[in-house]
Amino acid sequence: MESLTLQPIARVEGTVNLPGSKSVSNRALLLAALARGTTVLTNLLDSDDVRHMLNALSALGVQYTLSADRTRCEVTGNGGPLRAAAALELFLGNAGTAMRPLAAALCLGSNDIVLTGEPRMKERPIGHLVDALRQGGAQIDYLEQENYPPLRLRGGFQGGNVEVDGSVSSQFLTALLMTAPLAPQDTVIAIKGDLVSKPYIDITLHLMKTFGVEVDNQSYQRFVVRGKQQYQSPGDYLVEGDASSASYFLAAGAIKGGTVKVTGIGRGSVQGDIRFADVLEKMGATVTWGDDFIACTRGELKAIDMDMNHIPDAAMTIATAALFAQGTTTLRNIYNWRVKETDRLFAMATELRKVGAEVEEGEDYIRITPPAKLKYAEIGTYNDHRMAMCFSLVALSDTPVTILDPKCTAKTFPDYFEQLARISTLA
């Protein structure tokens, strides 16, 4: 297996221009495909997940052109639901941001489409979304294991009253919301249980509004969406930088700055993960906000005990930043780590112990006490981009760290390690 050893880093200082947001890129691509008119997306993320969405749209007959660096995409809208001319199988890798929204959108009208992916995708639950779509009339079959992909979709979604469980993934609700305006009837979505990752729903609602569709959001408990609508291209749309990707650089600044500045996001960002910077501030770092940047400067970091449900992806970065904080850090209400690219609670606990931390792994929380000195370790990444990026922070100690399968960052940030090296001075 390929590996990358990072030597100890004495200091980080500099500016990182963030790649486009994965969450925004894939939502914007799908809405542009469903819309009337041509949409030019700029600062689109070039990564595995986005390529899976682009390949799927192409197979569904959507016309688009990509710039040489794949960050500018001109999409010719379909002016309504996507149709496959014949039976079709779409391979979506491990891209939840493609699998969930397409599973819903392809239930409009009549299709015969199979959605499948990598082995890990077949372990990521989708039953709550399928249940909700079936309530609206969709015909969906599980081809292997009940409640998991691969799925066979044969259209039929009409709208009406549907109930969706919000406790596992906000992507299920995102998928329903984006599909509902094109259904023949109005859709009323009731949320069962606690809605996780609410800020990701805000991204969805913001993008739908950008494409001309308003949703009646009743305190995140009920969403009313009028049927028979059409998305309208906004013309040009700039994809903001990825706030989850920003977390690694901001944390590096907090631990070993200097000052690290990330551009492409700022105080007006639609992504909830920018709130990660508030957590660093709470731990003792100095944070500066601009319209198009966030900067973080080193401070004496202290442990925190916090509910992280609002920033589940960025919260992983706090788990490794906790290695540099005084005291025991507790991250709570993070059950949905277990259904991501890997079981992230198990993976994080396992690898933190390798570098010497004392870790308590609960069903939906993790408690981390750093060692006096970090130990050298080879870090397993579980084919999970965020594990690789989180554990790169171990190099901010006086101990090297080896990251196994470093190329798994291609899911969201292919040149992550180059960008980290650019702002680093080795010890």
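Even glycines carry a Cβ here, placed using N, Cα and C.
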Next item on the list: Look at the 3-phosphoshikimate binding annotation in Swiss-Prot, where Lys22, Ser23, Arg27, Ser169, Ser170, Gln171, Asp313, Asn336, Lys340 are given, and name the residue from Ser58, Ser197 listed for that site too.
Entry: Ser197
Next item on the list: Using DSSP reduced to three states, classify Lys411 (phosphoenolpyruvate binding site) as helix, strand or coil.
Entry: helix
Notebook entry, point to check: Between the binding-site residues Lys22, Arg27, Arg124, Arg386, Lys411, whose Cβ has more other Cβ atoms within 10 Å than any of the rest?
Noted result: Arg386
Check: Name the residues of the same chain, 6+ apart in sequence, whose Cβ is under 8 Å from the Cβ of Gln171 (phosphoenolpyruvate binding site)?
Finding: Gly96, Thr97, Arg100, Pro101, Leu129, Tyr200
Notebook entry, point to check: Between Ser170, Ser197, Asn336, which of the binding-site residues has the fewest other CB atoms within 10 angstroms in the structure shown?
Noted result: Asn336
Checklist line | Whole-number Å value for how far Lys411 (phosphoenolpyruvate binding site) lies from Arg27 (3-phosphoshikimate binding site) (Cα to Cα) | finding: 16
Notebook entry, point to check: How many Å separate the Cα atoms of Arg124 (phosphoenolpyruvate binding site) and Lys22 (3-phosphoshikimate binding site)?
Noted result: 18
